[in-house]
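For reference, the structure is listed below as C-alpha cells.
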Amino acid sequence: MYSIQDWRRTHYSKEVVAEMNEQEVVLMGWVHSIRALGKLAFVILRDREGTIQLVVPKQKVSEETFEIAKKLGKEDVVAVKGKVVASEKAPNGFEIIPIEIRVLTKSNAPLPLDPAEKVPADIDTRLDHRFLDIRRPKIQALFKIRAEMLKSVRNTFNDNGFIEVNTPKLVASATEGGTELFPISYFEKEAFLGQSPQLYKQMMMAGGFDRVFEIAQIFRAEEHNTRRHLNEAVSIDMEMSFSDEYDAMDILEKVVYNSYKDIAENRADEIETLGINFEVPDKKFTKLTYSEAVDIANGKGVELEWGEDLSRAAEKAVGDEMGGLYFITEWPTITRPFYTMPYEKDNKICKAFDLMYKELEITSGAQRVHKYDLLVENISKMGMNPEGFGTYLEAFEYGMPPHAGFGLGADRFAMILGQEENIRECVLFPRDRQRLTP
C-alpha cells in the first residue's frame with residue numbers, strides 16, 4: 001500500500017478534456033470497474049465529479065504499473081499519475097495512460113451493494129450501507145442538487161436583508177402543542193428536542209432584528225411511517241417584522257423560484273445524471289383559498305367538511321386539479337397553531353397559508369398574532385397553560401411589531417427538486433420510526 005506522499009490531485013475527472021493532450025495529470029478516486037484482457041487493462045476511475053477511463057497497455061507502461069492495474073478490485077482507492085492521450089475512439093475523445101498507480105486502500109469483496117448500480121438493492125440495504133450507497137452517481141447528484149438549493153436559499157435571504165440566526169434545540173416544553181416530543185435527561189431536569197424554532201423567531205422580532213432565518217434540524221416524535229415523513233428533519237424557517245402573510249408569500253416565492261433557477265443554471269450535469277425533466281416554474285404561484293380547495297375535493301367525490309384539515313385524499317384531489325406549485329390561503333383558525341392571526345372581519349378564518357407541490361405540502365406559514373391579550377386567549381382556548389410560555393409571552397408585553405413567517409421543509413423540497421418518491425433518498429442518514437443507525 002502507498003500513501004499519497006507528495007502527490008496532490010491536479011484535476012477531477014470532469015475537468016480533464018481532450019485539448020489537454022500529452023499533459024500529465026494526477027487523479028484520485030475509486031475503481032468503478034476493471035477489465036483485464038491479456039496485455040491490456042481498462043480501468044474506470046470514479047471521483048465525486050464523475051468517471052474517467054484509464055487504458056493500461058502492457059507495452060506502453062512499466063511492468064509494475066501493469067501488474068498493479070491487473071490486480072485492482074472494485075472500490076479500491078487509488079491515486080494515478082498519467083498522461084492525457086487524445087483518441088477519437090475513447091469516451092469523451094481521450095483516455096489516460098498511467099505512468100504510475102498507487103493503491104491507497106484495498107476494498108473488501110464481495111461488496112454489500114454495488115455503487116456501479118449493476119446489481120439492484122432495496123432501500124433498506126442501501127441505507128444500512130449508506131457510505132457505499134452515496135458513492136452512486138445518482139445519489140451524489142441528488143445531494144449536489146440539495147446543496148445547490150440550500151446555497152440558493154441562503155443567498156436569497158441574504159439578498160433580501162435577512163440575518164441568519166441559531167436557536168436552541170434543547171427546550172423545556174412544547175413550542176406549538178399537539179406535536180409529540182422526544183424527552184431527554186437534562187441534568188436534574190427533563191428537557192425535549194425542539195420541534196420548531198417558531199417561538200424564538202418571534203422573540204427575535206421583539207428584539208428588533210426585523211428579518212431572520214434559520215436552517216436547522218427539528219425533531220418530531222410522530223408515529224408516521226410514510227415515504228414523505230421523517231422524525232428528524234431540516235427546516236428552513238424565516239420571520240419578518242412589519243409584514244403580513246402576503247409579504248411572507250412573496251419571499252417564499254423568491255426562495256423557491258431562485259432555487260429552481262440556480263439548479264437549472266449550475267447543476268445541468270446532475271439533472272442529466274438523474275434523467276429528469278427539470279422545469280423552472282413561474283415567479284408567481286397560483287393562490288386558492290381553503291374554501292375553494294374544499295369545493296375541489298368535494299367535487300371529486302372526497303367528503304370534507306369546512307373546518308376539517310385536508311385529508312390525504314383531499315390533498316390528492318386538489319393536487320391533481322392544480323398541479324405544480326400553488327398556495328392554499330385563508331385557513332380555518334381552528335386548524336392552525338395559537339400564534340396564527342385571525343381575520344378581524346371573521347375570526348373563524350386566519351391569515352395562514354400552505355405552499356403545495358401537487359399533493360405535497362412543503363411550507364406552512366402565516367401572519368402571527370402580535371397582541372398579548374389575544375395570544376394568551378388563544379393559548380388558553382387550545383387547552384394549554386399560558387404560565388408555561390412565560391418568557392415568550394413577556395416578549396409581547398414590551399412592543400411586538402406585526403410579523404409573519406414560514407417554515408419550509410428542506411428534505412421534502414429536495415425530494416421534489418430531485419423528483420424522488422421517497423424522502424429518505426434525499427437525506428444522508430435518515431431518522432424515521434424504525435431507523436436510528438447508521
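Keep in mind that glycine also has a Cβ here, set from the backbone N, Cα and C atoms.
Automatic, uncurated: that is what TrEMBL annotation is.
Between the candidates E164, E272, E279, E361, TrEMBL assigns the ATP site shared with R220, A221, E222, R228, H229, L230, G409, A410, D411, R412 to E361.
TrEMBL assigns the feature region 'Aspartate' to residues 198-201, out of the candidate ranges 38-41, 98-101, 198-201. Same-chain residues lying 6 or more positions outside the region 'Aspartate' (198-201) and placing a CB less than 8 Å from one of its CB atoms are 165, 167-168, 175-176, 212, 214, 237-239, 337, 339, 389, 392, 405, 407. For the region 'Aspartate' (198-201), DSSP puts the residue distribution at 4 helix, 0 strand, 0 coil. The DSSP secondary structure for R368 (L-aspartate binding site) is strand. A gap of 41 Å separates the Cα atoms of H229 (ATP binding site) and P91 (site 'Important for tRNA non-discrimination'). With respect to their backbone Cα atoms, E361 (ATP binding site) and R220 (L-aspartate binding site) stand 17 Å from each other. Summarising the environment of H229 (ATP binding site), the number of other Cβ atoms within 10 Å of its Cβ, over all protein chains shown, is 17.
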